[in-house]
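Pulled from Swiss-Prot:
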TOPO_DOM  24-496  topological domain 'Lumenal'
DISULFID  CYS34-CYS159  disulfide bond
DISULFID  CYS68-CYS165  disulfide bond
CARBOHYD  ASN142  N-linked glycosylation site
DISULFID  CYS183-CYS193  disulfide bond
DISULFID  CYS218-CYS257  disulfide bond
CARBOHYD  ASN357  N-linked glycosylation site
CARBOHYD  ASN409  N-linked glycosylation site
DISULFID  CYS415-CYS434  disulfide bond
TRANSMEM  497-517  transmembrane segment
TOPO_DOM  518-637  topological domain 'Cytoplasmic'
REGION    526-543  region 'Binding to the ribonucleoprotein'
ZN_FING   555-575  zinc finger
ZN_FING   580-601  zinc finger
REGION    598-615  region 'Binding to the ribonucleoprotein'
REGION    621-635  region 'Binding to the ribonucleoprotein'
DOMAIN    621-644  domain 'ITAM'
TRANSMEM  638-658  transmembrane segment
TOPO_DOM  659-1115  topological domain 'Lumenal'
DISULFID  CYS761-CYS894  disulfide bond
REGION    767-787  region 'Fusion loop'
DISULFID  CYS790-CYS913  disulfide bond
DISULFID  CYS833-CYS842  disulfide bond
DISULFID  CYS873-CYS877  disulfide bond
CARBOHYD  ASN937  N-linked glycosylation site
DISULFID  CYS1002-CYS1054  disulfide bond
DISULFID  CYS1019-CYS1024  disulfide bond
DISULFID  CYS1094-CYS1098  disulfide bond
TRANSMEM  1116-1136  transmembrane segment
REGION    1131-1148  region 'Binding to the ribonucleoprotein'
TOPO_DOM  1137-1148  topological domain 'Cytoplasmic'
Amino acid sequence: MGKSSPVCLYLILQGLLLFDTVNAKNLNELKMECPHTIGLGQGLVVGSVELPPVPIQQIESLKLESSCNFDLHTSTAGQQSFTKWTWETKGDLAENTQASSTSFQTKSSEVNLRGLCLIPTLVVETAARMRKTIACYDLSCNQTVCQPTVYLMGPIQTCLTTKSCLLGLGDQRIQVNYERTYCVSGQLVEGVCFNPIHTMALSQPSHTYDIVTIMVRCFLVIKKVTSGDSMKIEKNFETLVQKTGCTANGFQGYYICLIGSSSEPLYVPTLDDYRSAEVLSRMAFAPHGEDHDIEKNAVSALRIAGKVTGKAPSTESSDTVQGIAFSGSPLYTSTGVLTAKDDPVYVWAPGIIMEGNHSVCEKKTLPLTWTGFIPLPGEIEKTTQCTVFCTLAGPGADCEAYSETGIFNISSPTCLINRVQRFRGAEQQIKFVCQRVDMDITVYCNGVKKVILTKTLVIGQCIYTFTSIFSMIPGIAHSLAVELCVPGLHGWATVLLLLTFCFGWVLIPTITMILLKILIAFAYLCSKYNTDSKFRILVEKVKKEYQKTMGSMVCEVCQYECETAKELESHRKSCSIGSCPYCLNPSEATPSALQAHFKVCKLTSRFQENLKKSLTMYEPMQGCYRTLSLFRYRSRFFVGLVWCMLLVLELIVWAASAETQNLNDGWTDTAHGSGIIPMKADLELDFSLPSSASYTYRRQLQNPANEQEKIPFHLQISKQVIHAEIQHLGHWMDATFNLKTAFHCYGSCEKYAYPWQTAGCFVEKDYEYETGWGCNPPDCPGVGTGCTACGVYLDKLKSVGKVFKIVSLRYTRKVCIQLGTGQTCKTVDSNDCLITTSVKVCLIGTISKFQPSDTLLFLGPLQQGGLIFKQWCTTTCQFGDPGDIMSTPTGMKCPELNGSFRKKCAFATTPVCQFDGNTISGYKRMVATKDSFQSFNVTEPHISTSALEWIDLDSSLRDHINVIVSRDLSFQDLSETPCQVDLTTSATDGAWGSGVGFNLVCTVSLTECSAFLTSIKACHAAMCYGSTTTNLVRGQNTIHVVGKGGHSGSKFMCCHDTKCSSTGLVAAAPHLDRVTGFNQADSDKIFDDGAPECGMSCWFKKLGEWVLGVLNGNWMVVAVLIALLILSIFLFALCCPRRPSYKKDHKP
């Protein structure tokens, strides 16, 4: 038993996994789309889902169950009597009898069904007020199975109380998911938030609203009145189709419809609401609905048995209902109510399409549910930009994006967007994780590029770390950490400066001692190496000299080359008698024997050693080695001198390292003032400017003959604006392609109405009266009769985007110049100029990806950007082309369904239709090849009936600009500028440093002039960190200046040229818990005022401001630093005591 238990456990686990797999197949999702701002009295939210087929034998036992936390209305849960009307082949037909209208028969019986969409009066109307939800289902059946469609309607307030729950129908489970979209109160259509407002079409011109096609779901409600024909709904249909003479249709009731995913109830018919009239007309044209089948049955077949009649209820003596009997894929609803009876008679007809043609008088039915589409006017909700901020979390960052109206688009190349949403009032919030902080975090949100500077996050973590290290002295821990945690070389310079100041008297002698020890060892090694080298050189010289005077140094016996004369003399004496000249041991007097002995002899260097001993020994205590050994690194004079020099050097490095690198665009830190240009010749500027960038150029133009005469010159070029004259082509639609085979045994093809004939776009081909047996199934014998009808149609139309065609294009920039007191502005087109008596500014050309006749497709809000189509069909469109299905104000434009039908036959098999044309819609093709289309960005769009203006942030769009300022200026007149500018710093927020930056609020007063174009800078005493160009008007002006830079002691002031406000304000430290991203578009500014760079005097100003800032900020930091300095001097004195005086030690 013990051995078999693991096997049993394994089998049990496998069984559980298989059970979960089976359950997963029975789980269906019902999505309820809700706006994220929900108030009182905003109607109902509705959703539906189609379930897998259920055997017809189980239908009578179906019951809709709920585990949801909302209150379900019980009116639809009760049993209701239905007449089950079915058909079958007669059993008494002889074999091989040719099929005819008499070959089939129908049967009627009474059954009880529960949970169908039989909604009593006032249930939907009071659902919102009573906080009750309605759940029901409808059936589409053939002879063997039924396709349930479950509907859920509830007060829109359930979006706040429910996130998900389960419904059950038979063995199927329905996961109800309430999904709150980014729409404030509208519905999500075409990726935009659309608010249907049906009265706009009656009261406003057509260019002020949009028209969008939206799904509508309608439910039949029975309401019987005692007198009059006001509730006889069939009368309205007959009047609409101009049918007269029908008097027997006394059913009373109305349809209650819900538009889109959420709306107020719409009553059909209603005389004073054109929406009701539109739905009524569509019901008359497509009595079974405009959605013909489920998407899984897009390619399917059905066999039509023919027209049949029957009894409803089954106790009737004559037939009261008629329809078309079929088998195969179910199409429309199989439930309805007779129009002829005053009291409702409900019919369930599996395998029969009940009569719904309102142009006949008798035996008609109305469906219990109807689904279609309706074009509605309305307005698109305005979108707002996102705010994105991040906090450091582990190795990455936790980020959050929120918008006041909703987030329709968010993506990031460096972060994982997990779509975890929160809603706070009208705001939508999305949290996500960024795994890397070694690079700046880029987030695209609501069409705007946001950049979060991660070094600011790292600074915050650094401050937290140092604050923890210095937590023993909490009074200064945070202030000291703020000074230490500065990014880049500037931060390291700060650390070295503080270390030198506090611990220099200990570190300087310690580090000097270590360096001296290393240098002494190196000097000794070098000197020793040099001694050995000199000795070898000396030996070589002696040997060469001996060879010149005495001859060869080679022994004649052993052939060994000697190095000294004594060694050669020993060889001559010993080798001839067979003795070793070194160790004097006996050996053979042959060269080979003696040389072999020399290899093992240990005294071969005896003569060289004797020579070395005879020379003078090396004295390592001379020269460099002795100087290093006797260096007095513990001298107070040396330590103090080095300490002072290091402090001065590090202060200079600290001040110089605060400058940022020069950039081609963006702000470059400069000193106060602006550049001066002597006008010895014309001033000419020629450059290329990206479409997303603005350009500011400011100089003082100096008279070369009189340096005191200067004219202020300011040039401002704004961002490029694209002006397109457009033609609104309408809304591009997506659709499901359907291919249907309808086969019946007898009669002509015109005898029956096929489902595609009520579709908006369809093609049909009939194969009539077959002459052979090869195309007839065995249960449909006969030759020369019957029909195979092939149909292709489009349904489930869905609006996917707006389409505009470019008629003409203009690229403009607003150019303003201020020369002295004269100001001129003009919106300049391409190949156009702004010309004054002294200045000429021209846009020579534009590089662009747009061309007239291009088509622009927007798949969402304009701010999301769009796609450029070079080829877009407008007249003859084929299915699958861009623009194949278009919804226009004049109606639906259907494409040509090009292709040919072929009927596939096999003996004793029902024929099947085939279509060799394209079966994929143009939209689906576009999605599959979306990357092959050019995209474009849209910022600050403005749209009207025939014009669209926007700014494209793509740097590939550029303007070639040429500026010429003539040297022939009237310096005497223009140099005298009476304009007086006074500045006051009002407020500041943000942080100093090169992180997120700060915002300085300036109050600027202009006198003596009516208007003055100039730039206001954000500076401290030494240099400036940001600027904005503004057109001042007489009086008080509030200006916001954004800057980046500075240090803890910076008091930011508002400055104009060299004049600044009298007081400055200190920004916060760059260690915010949440670092907010900035718009990349806001930083695409090129500013050039020619101001001088920060020099030596600027550095020392910055130093003084920093020191004063530290003293004013937290004087305890300075006190602690001085205490540490005194401590280090004491330790120095203790470890390095002063040497006694020489005179004191050597008194006579």
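Here the Cβ of each residue, glycine as well, is placed from N, Cα and C on the backbone.
Feature map: annotations from Swiss-Prot on the structure.
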{"residue": "CYS165", "record": "disulfide bond", "contacts (Cβ under 8 Å, 6+ apart)": "SER66, SER67, CYS68, ASN69, PHE70, VAL176"}
{"residue": "CYS193", "record": "disulfide bond", "contacts (Cβ under 8 Å, 6+ apart)": "PRO35, THR181, TYR182, CYS183, VAL184, SER185, GLY186, GLN187, ILE380, GLU381, THR383, GLY406, PHE408"}
{"residue": "CYS218", "record": "disulfide bond", "contacts (Cβ under 8 Å, 6+ apart)": "TYR255, ILE256, CYS257, LEU258, VAL268, VAL279, MET283, THR369, TRP370, THR371, GLY372"}
{"residue": "ASN409", "record": "N-linked glycosylation site", "contacts (Cβ under 8 Å, 6+ apart)": "TYR444, CYS445, ASN446, GLY447, GLY860, PRO861, GLN864"}
{"residue": "CYS434", "record": "disulfide bond", "contacts (Cβ under 8 Å, 6+ apart)": "CYS390, GLY396, ALA397, ASP398, CYS399, SER412, THR414, CYS415, LEU416, ILE441"}
{"residue": "CYS790", "record": "disulfide bond", "contacts (Cβ under 8 Å, 6+ apart)": "LEU739, LYS740, THR741, ALA742, GLU764, LYS765, ASP766, TYR767, PHE901, LYS903, CYS913, PHE915"}
{"residue": "CYS833", "record": "disulfide bond", "contacts (Cβ under 8 Å, 6+ apart)": "LYS840, VAL841, CYS842, LEU843"}
{"residue": "ASN937", "record": "N-linked glycosylation site", "contacts (Cβ under 8 Å, 6+ apart)": "GLY447, GLY865, ASP952, LEU953, ASP954"}
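Around the Cβ of CYS842 (disulfide bond), a 10 Å sphere holds 19 further Cβ atoms from the protein chains shown. Cα of ASN142 (N-linked glycosylation site) to Cα of CYS1019 (disulfide bond): a distance of 81 Å. According to its DSSP assignment, ASN937 (N-linked glycosylation site) is coil.
Using a 10 Å Cβ-Cβ cutoff, CYS877 (disulfide bond) registers 19 neighbours. Here the zinc finger (580-601) has, by DSSP, the following mix of helix, strand and coil residues: 10 helix, 1 strand, 11 coil. Under the three-state DSSP scheme, CYS894 (disulfide bond) falls in the coil class.
There are 22 other Cβ atoms within 10 Å of the Cβ belonging to CYS159 (disulfide bond). Rounded to the nearest whole angstrom, the C-alpha distance between CYS159 (disulfide bond) and CYS1054 (disulfide bond) is 51. The subset of recorded positions (ASN357, CYS761, CYS873, CYS877, CYS894, CYS1019) lying with their Cα within 10 Å of the Cα of CYS1054 (disulfide bond) consists of CYS1019, given in sequence order. Residue counts for the zinc finger (555-575) under DSSP, helix first, then strand, then coil, are 11 helix, 1 strand, 9 coil. Cα-Cα distance from CYS894 (disulfide bond) to CYS873 (disulfide bond): 12 Å (rounded to the nearest whole number). CYS913 (disulfide bond) has a Cβ environment of 22 other Cβ atoms inside 10 Å. The least crowded of the disulfide-bonded residues CYS894, CYS1054, judged by other CB atoms within 10 A of its own CB, is CYS894. Ranked by how many other Cβ atoms sit within 10 Å of their Cβ, the disulfide-bonded residues CYS34, CYS183, CYS873, CYS1002, CYS1019 place CYS873 at the bottom. Listed glycosylation sites: ASN142, ASN357. The one with the lowest count of other Cβ atoms within 10 Å of its Cβ is ASN357.
Proximity of CYS761 (disulfide bond) to non-local residues of its own chain (separation of 6 or more, Cβ distance below 8 Å) is seen for ALA735, TYR793, LEU794, ILE885, MET892, CYS894, PRO895, LEU897, given in sequence order. Summary for the disulfide-bonded residues CYS257, CYS415, CYS1024: the Cβ-based neighbour count within 10 Å is maximal at CYS1024. DSSP assigns CYS183 (disulfide bond) to coil, not to a helix or a strand. Model confidence over the zinc finger (555-575) stands at 82, taken as the mean pLDDT rounded to a whole number.
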